[in-house]
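What Swiss-Prot says about this protein:
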{"type": "BINDING", "residues": "33, 175, 206", "note": "substrate binding site"}
{"type": "BINDING", "residues": "75, 97, 99, 100, 105, 123, 152, 177", "note": "S-adenosyl-L-methionine binding site"}
{"type": "BINDING", "residues": "175, 201, 202", "note": "divalent metal cation binding site"}
{"type": "COMPBIAS", "residues": "1-14", "note": "compositional bias 'Low complexity'"}
{"type": "MOD_RES", "residues": "2", "note": "N-acetylalanine"}
{"type": "REGION", "residues": "1-29", "note": "region 'Disordered'"}
């Protein structure tokens, strides 16, 4: 049956409203910890495979961290589980973590390491680390951690300066100041062994990497967005590594050094 002018106008108007609504949805403030579009699906993942297997110490630290005003900085529970398994899969023993916060990912790493495993952990804020330290100590893994308070770059420069340290790290996790990720990578690529892994957190950065330029964002999200985009391009073009970007937590890029 032929469509009348009025019906066509209504259809056009409806389509226009649908497009506007879709555009408005895309312009909502970005800031969800999980990048899954379905909260129910994410909750299903947590309740089915994450929380039932989460060590009691990690659960306790997660709950303590949830009360902290900057709790959004913590590693998500599903990402903690992923890191724990990844470290076991690569048989990591000598590791490094840049950016600790209260230590959730640090604890996930320490629990996965063998008894003589080591973590060089760096963060500018010892107070946050000490919030989780009693739980880490109770879990019996504090002896694996060498915590250094202060900016990571000077420490890395000192380590890189000694060629004996080159290629000695099995696994490195970075969840720190995004504006220095490129600077970290330039140093870490020499420190991780061939076949070793570097994990960069927040590489999808609240989904902002695909947000329109005029999308409402929190100031810190907008500020660091370009640095994350720069890192992602650099990693994709780096012939010394194989990469895999995963939508776990806020996005994590796994880099395996091949040369």
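Any Cβ shown, glycine's included, is placed from N, Cα and C.
Feature map: Swiss-Prot annotations on the structure.
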residue: 75; record: S-adenosyl-L-methionine binding site; Cβ contacts under 8 Å, 6 or more apart: 83, 101, 104, 105, 108, 175, 201, 249
residue: 97; record: S-adenosyl-L-methionine binding site; Cβ contacts under 8 Å, 6 or more apart: 105, 106, 109, 119, 120, 121, 122, 172, 173, 174, 175
residue: 99; record: S-adenosyl-L-methionine binding site; Cβ contacts under 8 Å, 6 or more apart: 122, 123, 152, 174, 175, 176, 177, 201
If I take the alpha carbons of residue 206 (substrate binding site) and residue 100 (S-adenosyl-L-methionine binding site), what is the distance between them in whole Å? 19
Among the binding-site residues 105, 202, 206, which residue has its Cβ surrounded by the fewest other Cβ atoms within 10 Å? 202
List, in sequence order, the residues of the same chain other than 175, 201, 202 whose Cβ lies within 8 Å of the centroid of the Cβ atoms of the recorded divalent metal cation site. 75, 99, 174, 176, 200, 203, 249, 250, 252
Measure from the Cβ of residue 201 (divalent metal cation binding site) and count the other Cβ atoms within 10 Å, all protein chains considered. 25
Report the same-chain neighbours of residue 100 (S-adenosyl-L-methionine binding site): residues 6+ apart in sequence with Cβ closer than 8 Å to its Cβ, ordered by sequence. 106, 121, 122, 123, 128, 129, 147
What is the number of other Cβ atoms found within 10 Å of the Cβ of residue 177 (S-adenosyl-L-methionine binding site)? 17
In three-state DSSP terms, residue 105 (S-adenosyl-L-methionine binding site) is classed as helix
